[in-house]
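Colleague: Take this structure first; my questions come after.
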Amino acid sequence: LDRPPESTSYADDESVAARKFAVLGAAGGIGQPLALLMKLNPLVSQLALSDIANTPGVAADVSHVNSRAEVAGYVGEEQLEKALEGCDLVIIPAGVPRKPGMSRDDLFNINAGIVKGLCSAIAKYCLTALVNMISNPVNSTVPIAAELFGVTTLDVVRAKNFYTEKAKTNVGDVNVPVVGGHAGITILPLFSQATPKANLSEGDIKVLTKRMQDGDTEVVEAKAGKGSATLSMAYAGAIFADACLKGLNGVPHVVECSFVQSTVTELPFFASKVRLRKNGVDEVLGLSSLSEYEKNGLESLKPELKASIHKGINFANQS
């Protein structure tokens, strides 16, 4: 999927299942464009927007878009139950964005408590919902609650775009798996498995990989303290959410990359291709064949990813 689905395709089709979708952190820089994109998604029948402030205004604005979903805004912890009850899918962009000079550890110290509180509410009010985690650092926030999808789709979106620029091909035809984690050197694009195949030099692949790993920093610095990757992240979040909704509806062969509990490597969490069906993850797919450069990259990322994972696990155990 290389663009958001058209809003008119199923808007009046009663055969499409009714699905309630919640955005927790809907008034933020990612939450607002994500809410708009999901309002356009014909698979969403109810859209619940929740945040600590300003959600009624966002909900009123988005509700004027002529598409299927009925929109409601909820404010604060006391209204979380109403926001979450009956949800099929919840996406969490809540928390603070990364600013220039802010480390992933700084982010974790702020966002971990927010994520834990929201996940506790989800467990209480909509235990069977699929949960997509956007709040950074994903490598550590996903292990706090374990049974989550870490949304690493932005890495795939970037890989497709950067690969297209270098390979001079049609972006709509491009697919590039991205594995590992969702920060710095833990991001490993598998350009050897990219389609359509382009004969890129090893130098080109190294440049593309480094740009992938620095993608968020590139945006943070370009915005000069005014934000991080919000619009592209909202787009990526909408793509992954759409894939989850299709899986819930029984569409076959829905495969996306995501950071999940995994046995693909010795690490307890890892991003790789996953097959999505009615109960969430149907199958975590392996890595297939890797180039020597990718094998080295995989071994190099493991210590940092392992440390990030255990940071989240330790936080969950201690609190």
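Yeah, the Cβs are placed from backbone N, Cα and C, and that goes for glycine too.
Per TrEMBL, the features are:
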DOMAIN    20-147  domain 'Lactate/malate dehydrogenase N-terminal'
BINDING   G25, A26, A27, G28, G29, I30, G31, D51, N111, I134, S135, N136, M233  NAD(+) binding site
BINDING   R98, R104, N136, R158  substrate binding site
DOMAIN    152-315  domain 'Lactate/malate dehydrogenase C-terminal'
ACT_SITE  H182  active site, proton acceptor
Colleague: List the Cα distance (Å, whole number) between M233 (NAD(+) binding site) and R158 (substrate binding site).
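Modeller: M233 (NAD(+) binding site) and R158 (substrate binding site) have their Cα atoms 10 Å apart.
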Colleague: Tell me the Cβ contacts of N136 (substrate binding site) under 8 Å, same chain only and six or more apart in sequence, or just say none.
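Modeller: In sequence order, the residues whose Cβ lies under 8 Å from that of N136 (substrate binding site) (at least 6 apart) are G95, P97, R98, R104, L107, N111, H182, A183.
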Colleague: If you average pLDDT over the domain 'Lactate/malate dehydrogenase C-terminal' (152-315), what do you get?
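Modeller: For the domain 'Lactate/malate dehydrogenase C-terminal' (152-315), the model's average pLDDT rounds to 95.
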Colleague: Rank the binding-site residues R98, R104, R158 by the number of other Cβ atoms within 10 Å of each Cβ and report the first-ranked residue.
Modeller: R158
Colleague: Which one is it: of the binding-site residues G25, G29, G31, which Cβ has the fewest other Cβ atoms within 10 Å in this structure?
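Modeller: It is G29 that, of the binding-site residues G25, G29, G31, has the fewest other Cβ atoms within 10 Å.
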Colleague: Taking every protein chain in this structure into account, which of the binding-site residues N111, S135 has the most other Cβ atoms within 10 Å of its Cβ?
Modeller: S135
Colleague: Hey, how far is R158 (substrate binding site) from S135 (NAD(+) binding site), Cα to Cα, in Å?
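Modeller: With distance taken Cα to Cα, S135 (NAD(+) binding site) is 18 Å from R158 (substrate binding site).
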Colleague: With DSSP helix as H/G/I and strand as E/B, how many residues of the domain 'Lactate/malate dehydrogenase N-terminal' (20-147) fall in helix, strand and coil?
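Modeller: Breakdown, helix to coil: 56 helix, 25 strand, 47 coil.
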Colleague: If you draw a 10 Å sphere on the Cβ of H182 (active site, proton acceptor), how many other Cβ atoms land inside?
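Modeller: There are 29 of them.
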Colleague: Looking at substrate and its recorded binding residues R98, R104, N136, R158, figure out the farthest C-alpha pair and report it in angstrom, whole number.
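Modeller: The widest Cα-Cα gap among those binding residues is 20 Å.
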